[in-house]
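The following features are taken from Swiss-Prot:
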| type | residues | note |
| --- | --- | --- |
| REGION | 48-289 | region 'Disordered' |
| COMPBIAS | 78-89 | compositional bias 'Basic and acidic residues' |
| COMPBIAS | 92-101 | compositional bias 'Basic residues' |
| COMPBIAS | 102-116 | compositional bias 'Basic and acidic residues' |
| COMPBIAS | 123-132 | compositional bias 'Low complexity' |
| COMPBIAS | 135-155 | compositional bias 'Basic and acidic residues' |
| COMPBIAS | 162-189 | compositional bias 'Basic and acidic residues' |
| COMPBIAS | 277-286 | compositional bias 'Basic residues' |
| DOMAIN | 378-547 | domain 'tr-type G' |
| REGION | 387-394 | region 'G1' |
| BINDING | 387-394, 433-437, 487-490 | GTP binding site |
| REGION | 412-416 | region 'G2' |
| REGION | 433-436 | region 'G3' |
| REGION | 487-490 | region 'G4' |
């Protein structure tokens, strides 16, 4: 079946597409728009529905025709006419022909439409034809009247120089005719009125083929010709026919001046419209003046205006009335600002700038604020183990942590602060292990300052010793409670009663004797009463009600610091308040940076550290000093500025400490210049060891000789240290560090003496003996070979076997060996066994592989370096 589209049906019935689409949808057809297709049966139903509603549609069409009548004034007709000079042939006949042609076209179109729409309804078609004939007769009458009025108007234009009386008479006639025409047309015409269209638009709207339907015009004759707007260069002024390029002046003004005047009026109106909302914005209430003006010297009028809620112009005016000539951006001094505040009746108060570079003060303020905070929670106690050397402090801590730290310490003594955490019944206790040697007095003092409880370890078979007394003094000066642990109760010569009596001399009275000091008899070796000691520590912590606020920015204290070859500056810190996270910007002493990594005491990486937790951090720009304060800042920019300012202040202080010669110190200076000096370059593994060794060496008193530390630092001995020592005729002391290969080669070439130590008091004794000239012939170590670990195997009952390659020299089975990792000496001992291809050998030369074990040491990793040496006797020089 042939199908038709909706728009084709709409064209046949003469109805708009939208109406046909809606009608089709009402009939239940599946259509979407005017492009939808329907079959012949649906077309018949659709046309039949429109035929049934034809009378109503015709009525609507009639009303639409009336509403679309166009009102054309005589002035617009005048505009469309050409000049008599240019066109001598009048267009009246043409207009009549056009009107007749339009009427005939309309009649033909109406007949065709009636023939299509009124099929099957002859009565309705006859009535409609009769109505249209009547309408055409009325339109013809109106056209004739309009042509008559137009003719009279042209007669008026041909004789413009007649007397005024004739003009008035014609004017009266035209007005009366105009009114009659208007009265007749207004009865018929209802619709929009278009007055004074431009000639171009009127020409454009005229039909070229004279086939368009033209409605009855509405003719209006004006009382007097008025000035018309220019259009396409054909102007009419004062009702006279104009000519292009002429009659440019009207009433003494040019058209260009009129155009400029209109443009000026338009711009002025636009400016007024823009200024209206601006006036509404400025209308605002003045805010009340503040009671106090907190100002800074150097503020300008704009800054003050923001603080006191006034416009800067008002402030400038006020200052001008006070005799001060200024502008909005000019800085004002203190007196001027106070004078202005007094004029407004405001109290002026100068802002006090806080020195953010003083992190010690900032540390104290945050500590006090945390104590007053409502968000405090319980924190683990920080316990420092103190006492004399070799009284069992580290052994006790090993018992608590189930480790063996003391077995790997040089000389069996602790030479750095160690921080550890122990868990007991779901509660944590942080322990600090301090050195007991006399050289580490500052370390013990720092340990007492950052701790909550001091555990004083005293050997039951040795009693109170000098460092025991020093530890008591440190604890009392820090106002820290003391718990006495009498150790080595497993020994036959243990006498705890004697120890108690000695401690009572220092006002440490046991609870059994009516005092407030807790005494616990323990044995770190066997574990006797160690749990009782922990219970006493927790009991003391509960009494003290230790709390902290973890929601604040972190503050803490550096326990120890060192320089790692692979990681850079490393600091062991104890967090005291707040929480430290990875990425936080911090200032530590004179250094700054952002936390890169954090490692706990078990060697595990952590992302945050809470109060009372010791961690090892990296990311600082330099190695800080021990006991430096750690303060967290909001952004890295502030931390950098504070750190750089503190470094600059430290440099200035060091320069100020240089003593210049005066009359008062002239004799002392001359006496010192005559003294002999022992220049030393000091390098150690951690900052605390550097401080302890430096202070111990400077305290050596030998008449006529003194120690001069020209340089000290942490890390391995490098080329710059050797160069400095060679230029200063000094020797190098290395404590728990080794020289690099290039530094060692350069030292041999330059003849620089490098002394390496792992026990601090041996270094002190050697320097003292050298200063006194009493250095006896000693044994000197001679390195005979270097090895690199390439593989490791763990064998039960044997230990760790290190598969190594001899890089240099020779390895003997009775030689001593030193384990070096990242330039740090990890262990110094003896070779237990040496094998090659599963056979025991006495020696292995350079370029060969071998397997060896180290006596009492199994912590060997791939990449470790072995330094094999022998002790050779050196005759005194």
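First residue shown is number 1, and so on along the chain.
Even glycines carry a Cβ here, placed using N, Cα and C.
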Residue 387 (GTP binding site), number of other Cβ atoms within 10 Å: 28
For residue 393 (GTP binding site), the three-state class that DSSP assigns: helix
Other C-beta atoms that fall within 10 angstroms of the C-beta of residue 489 (GTP binding site): 21
Predicted model, mean pLDDT over the region 'G3' (433-436): 58
For the region 'G4' (487-490), the number of residues DSSP places in helix, strand and coil: 0 helix, 1 strand, 3 coil
Residue 393 (GTP binding site), number of other Cβ atoms within 10 Å: 30
Coarse DSSP state, helix versus strand versus coil, of residue 387 (GTP binding site): strand
Secondary structure composition of the compositional bias 'Basic and acidic residues' (135-155) [DSSP: H/G/I, E/B, coil]: 21 helix, 0 strand, 0 coil
Around the Cβ of residue 390 (GTP binding site), the count of other Cβ atoms that are within 10 Å: 18
